[in-house]
Amino acid sequence: RYKIEVAGKSLPVLTNLDKGRYGVIVFENLDKYLNMDKWNRELLDKYCREYSVGIVGFVSPSEETLVGAQLRDFPLFVNTNLRLRDASLNPSSSVLRLTRAGETAWGALPGDDWAVFQHNHSTYEPVEWAQRNTQEYPADSVGQVQLPLTTVLQDRGQLDGIQRVLFGSSLRFWLHRLVFLDALSYLSHGQLSLNLERMILVDIDDIFVGEKGTRLRPDDVRALIATQKNIAAMVPGFRFNLGFSGKYYHHGTREENLGDDFLLQNVQEFNWFSHMWKHQQPHLYDNLTLLMAEMHLNYAFAVDHNIPTDSGYSISPHHSGVYPAHELLYLAWKKVWNVKVTSTEEYPHLRPARLRRGFIHRNIMVLPRQTCGLFTHTMYIDRYPGGRDKLDESIQGGELFQTIVYNPINIFMTHMSNYGSDRLALYTFQSVIKFLQCWTNLRLASAPPVQLAEMYFRLHPEEVDPVWGNPCDDVRHKKIWSKTKNCDSLPKFLVIGPQKTGTTALYTFLSMHGSVASNIASPETFEEVQFFNGNNYYRGLDWYMDFFPLETMPNTSSPMPTQLGSPRFMFEKSATYFDGEAVPKRTHALLPHAKIVTILISPAKRAYSWYQHQRSHGDVIANNYSFYQVITASDSAPRALKDLRNRCLNPGKYAQHLEHWLAYYPAQQLHIIDGEQLRLNPIDVMNELQRFLKIQPLLDYSNHLRYDVKKGFYCQAVSEKRNKCLGKSKGRQYPTMDERSAKLLQRYYLNHNTALVKLLKKLGSRPIPQWLKDDLSTGT
């Protein structure tokens with residue numbers, strides 16, 4: 001999320017350093033900086049001084065042990081390959097911001113390759129100290145008081161005008177991760193600072209769910225209430241958030257049933273949200289009425305037992321149906337519970353946890369949910385994987401601690417069973433909050449889910465739009481996906497346009513092949529689904545896949561019909577995909593292995609064809625403005641005129657759009673068709689395309705395409721004397737483009753066409769189309 005450049009194995013090309021590009025320059029290996037050649041070092045130092053750019057450096061492990069070795073060009077000395085213990089921070093250090101000094105991290109520090117710094121100049125000030133491990137060197141401790149050794153050092157820049165923070169070891173030591181964040185903040189003059197506010201919400205799933213012996217007893221509920229009060233004293237507004245499935249009320253032992261009753265007697269002490277009545281995964285329901293009936297049962301239970309029903313928050317059992325999105329769940333949630341917020345650990349994937357994100361779908365805000373190392377079966381400390389030491393490691397600087405440090409808003413998943421037996425969840429959260437207060441200046445607070453969600457998307461507006469991934473690429477996602485869906489029905493290739501280049505003709509020719517099938521026609525956009533580039537995308541993956549039924553009827557109109565159930569090459573043709581800003585990212589997320597097919601003709605010809613297409617369809621602007629007026633419209637022109645101008649001109653910037661696609665797909669998955677060749681010699685073009693797509697068996701198009709003299713293009717030959725051609729709107733003859741517009745477009749597309757030539761040469765094995773050569777020769 002931050003603009004940090006890491007110069008590790010190879011240094012960036014320093015001649016390309018731009019003002020403001022680098023907030024801080026980080027050297028994972030300090031030697032790379034110290035041993036730069038003179039010219040590069042002087043250039044980098046000049047850049048850092050001129051733009052107030054700081055440097056962070058880490059001393060890397062080395063087999064050679066240095067004792068009092070001077071760092072090149074600095075009055076600074078290092079000792080390396082040391083074992084250390086008992087780290088503490090300098091309370092007067094100006095670097096520290098998030099990190100709080102005053103405590104000592106007792107015990108041996110990780111690794112035996114630490115470096116410590118010795119200095120004799122006022123530009124240097126220790127940030128962190130440690131002691132030599134006296135257990136390893138007992139002679140050093142006999143009758144002596146050890147002086148602290150500097151393990152993190154600040155250089156104020158008094159010598160050369162460059163501020164630095166140097167680390168004697170890597171980020172494997174948890175405290176260094178905090179100090180590193182502070183170093184970035186300090187050296188970037190606050191540009192790379194983390195907010196100090198942290199919001200914490202702890203969900204307790206599966207209330208009333210669980211086998212006998214795993215549920216809460218009255219004493220457990222009392223402990224829950226007492227611990228909540230203790231945490232609320234440290235975290236204002238904190239209340240445990242309880243998710244219930246009413247069907248399982250009073251399904252425990254006698255004492256556990258008393259625990260259920262005691263929980264409901266104290267219902268006002270907690271926040272509440274709904275699970276499912278049966279704790280069954282919603283993706284198993286393919287009937288909205290049945291799903292809503294289940295929710296109504298839980299709603300009625302809540303009303304009968306005075307449980308609040310207006311939290312606007314709900315969690316699906318096992319996160320089923322949230323992501324991958326099961327549309328019926330979102331609809332039922334809205335209708336029964338008026339859900340505004342949910343959360344999941346599955347978007348975009350469970351691991352790595354640091355990359356979990358949020359999104360909004362069907363007006364329900366989906367927040368990233370975090371795990372705390374406690375799961376349904378985690379009830380006893382002696383059965384915790386790795387034992388108490390492992391749990392404490394997560395609390396004391398480890399994964400749980402770092403999760404809260406790095407995430408401004410934290411929603412944690414726990415289960416009812418974590419609060420009975422050894423009550424591990426109570427210990428875990430009370431301990432980590434105390435540890436945060438000891439070692440950080442973070443300001444902890446809590447709030448209801450709807451308020452947290454609103455805060456989250458104010459912080460991360462870029463996450464509002466979802467990016468639908470392929471459920472079959474993630475084992476967990478596949479398990480919680482609708483059983484009626486199958487990735488085999490997803491397209492194997494896409495025809496992406498652009499418009500007015502021959503995509504409808506290509507669609508028709510492909511549909512003649514018995515092993516190739518396209519989507520079901522759309523009532524609004526006909527053969528085009530237009531999913532990835534417009535509002536249809538927000539309808540969700542279920543909506544898209546309904547256009548690709550797994551069992552398609554045989555193509556009886558094909559010259560080579562296949563049998564029902566035979567393998568098919570599914571494809572989609574949407575000509576607006578080519579220049580859609582978000583389309584390559586979205587398609588790659590869902591279809592990373594798909595082949596991409598595009599058709600290119602002269603961009604000037606394409607622009608004019610689009611204008612005439614709009615005229616023929618009664619577009620008011622096209623029929624009231626000349627082509628020249630449209631393509632020369634200024635940015636102050638009426639919006640409708642600008643929109644038509646952009647649709648005429650922008651798709652023709654071919655190299656720019658192809659580079660965008662190539663940022664997501666390798667060149668081997670991209671096939672570029674010369675649109676003029678498709679018109680003049682479609683048989684060879686289709687044969688080449690079949691080879692690229694690896695379609696079997698090959699269709700001999702020479703037997704099935706015939707030039708139609710009346711139409712002026714190739715059509716499907718259905719008999720010796722009859723052709724089946726595209727409709728009247730295809731192949732329409734337009735008036736010749738006026739010379740003034742033609743010359744303007746030649747100049748307009750000159751740089752874009754030149755870039756296209758360079759791109760085609762870089763891609764290799766793609767000939768330069770004749771129309772491109774002609775456009776360039778005329779333009780110059």
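One-based numbering along the chain as shown.
Backbone N, Cα and C atoms are what each Cβ position is placed from, and that goes for glycine too.
Just so you know, TrEMBL annotations are computer predictions that nobody has curated.
The cysteine that TrEMBL pairs with CYS725 in a disulfide, picked from CYS648, CYS715, is CYS715. Sequence-distant neighbours of SER609 (3'-phosphoadenylyl sulfate binding site) (same chain, six or more apart, CB under 8 Å from its CB) are LYS500, TYR734, listed in sequence order. Over the domain 'Heparan sulfate-N-deacetylase N-terminal' (1-187) the predicted model carries a mean pLDDT of 86. Neighbour counts of Cβ atoms within 10 Å were compared across the disulfide-bonded residues CYS715, CYS725; the minimum falls on CYS725. Within 10 Å of its Cβ, the residue among the binding-site residues TYR714, TYR734 with the fewest other Cβ atoms is TYR734. Sequence-distant neighbours of GLN733 (3'-phosphoadenylyl sulfate binding site) (same chain, 6+ apart, CB under 8 A from its CB) are GLY712.
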